[in-house]
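A.B. asks: I'd like to ask you about the structure that follows.
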Amino acid sequence: MPSLHLQAQGRPFTAARQQRRGASTPASARYGGGGGGGNYGGGSDPRLIIPGQDSGVRPAKLVVPGQGGGTAPKNLNGGLLDGPPPQQQQFRPPPGFMDMAGPGPGPEIDMSTEEMLSRLRSLTGHWYELAKFLPALQRAGYDGVAVEEATGLERKVQNVWSSAAPVRASIAASGQLSPEVLAHFDAEGEDLLYELRFLSVRQRAPAAAYIAERNLSPQECQVLARAVKEYERRGGRKEGFSDSPGDVLAYKHFRDAMECRRTADVEACAKRGLAVADTDGARSKLTSLLGEEQGGPAMVLPTAILTMLRMSRDELGVRPLAVAGELQVATGDQVLAAPKVSSEGVFGNFKIPPEGVDLEWVALPNWSVLTLAAHPVALTIRNCIDVPQIRAATSAKTEEELKRMKGQGILVADIAAEDIALQHDKYYLVEDASGRTQLMTGGDAAAVARVLGIVLFVCRPPSRDTPAATTSELMSV
């Protein structure tokens, strides 16, 4: 019967570890037959031979990780154990981990490390030839800092070379450019090709040819590369522009012109686009922005700024109230003569009646207590702390709390009800014997001949100390 050899893994067994564990043989194990000691023996029953045990003694248990203890299997089919398999690990590597289709380590350089450093130190050769040494030096243990210290080549230049060299290699491999055009990038061409690193291989060759033809600067190469990506994202072909580098730049200037506000800026962008456009369709689109100067119809572009706002429901919630006068000064007739208005439409439009033209009006937030009121009227309060009923209704006791009560306020009362059922826990607006308005509780108002209405609330302006005061704080006195 064939034997199954299991090689122990983990930390190597040293002599000290073997002595601590009492082991006398190296760590290895195998399945074997009963008579052959595990080497294809002629025994009839399989068994597990443990180092350090007598070969004639059958082990009592076989412990499999993840299954707990158990007796050794009595049967082996092709070297596989019967019973449930061990539990699998819950961890799964992320997608793409150790992807074999990824970039390789780079070409091997048949040159010593010192020779590569010497070439970089003396800058012998073209930049893209020297760039091949950087991955090889990295594999040899030289990072960017070490290379800079050994050769004087700055890390910024190393990064540019490492990014531009694959761009040049992909352009050369495509075969779309002649050696004469590629030679344009031999001397200080790394800064030009570095800007094309985000373009696809299909887009790089036409862009490189355009750069060599127009002798563009690195900044202009960056504009071209971004224009290519914008053309691809926005679908410039649908606007009448081809995918040639000139039309791609023209489309970029066309988009800039469409976003300008002033006519002078629109015309400047259109002229820059006409200077680089390749096709008649692109020139036609840009000429339409110039108007009568080029003999074509002018495109009407907005030159003024119109601000559009979307209001929230809270911003529309305003209730206009007629101000009948000042508390303790206005008469009962003035309060009862105050008109009311109702809001209409989606914006809460209201119209002041003729009898309320001479009155002052105040706009308060449309709180629910105002929405439910039938005829709310407002009275001004010169100083809240001078009204005994207001001072008694609050919990202000200390000097600091009384100081905070100083200031103006507005009392709002509902005067719609003719027969008012007085409640002891409510405040009412009444007319005293002198005909002036007063604030009284339900118990005190029972002795007064004329009750004008029930007081809804007293509101005060926002405090300077608490600029973010909430509505509940504003409604408290």
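One is the number of the first residue shown, and numbering goes on along the chain from there.
Here the Cβ of each residue, glycine as well, is placed from N, Cα and C on the backbone.
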A.B. asks: From 1-58, 59-116, which range did TrEMBL mark with region 'Disordered'?
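C.D. replies: It is 1-58 that TrEMBL describes as region 'Disordered'.
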A.B. asks: Could you give me three numbers for the domain 'Rubisco accumulation factor 1 helix turn helix' (113-172), the DSSP helix, strand and coil residue counts?
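C.D. replies: Here the numbers are 47 helix, 0 strand, 13 coil.
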A.B. asks: Let me know the model's mean pLDDT on the domain 'Rubisco accumulation factor 1 alpha-helical' (185-290).
C.D. replies: 90
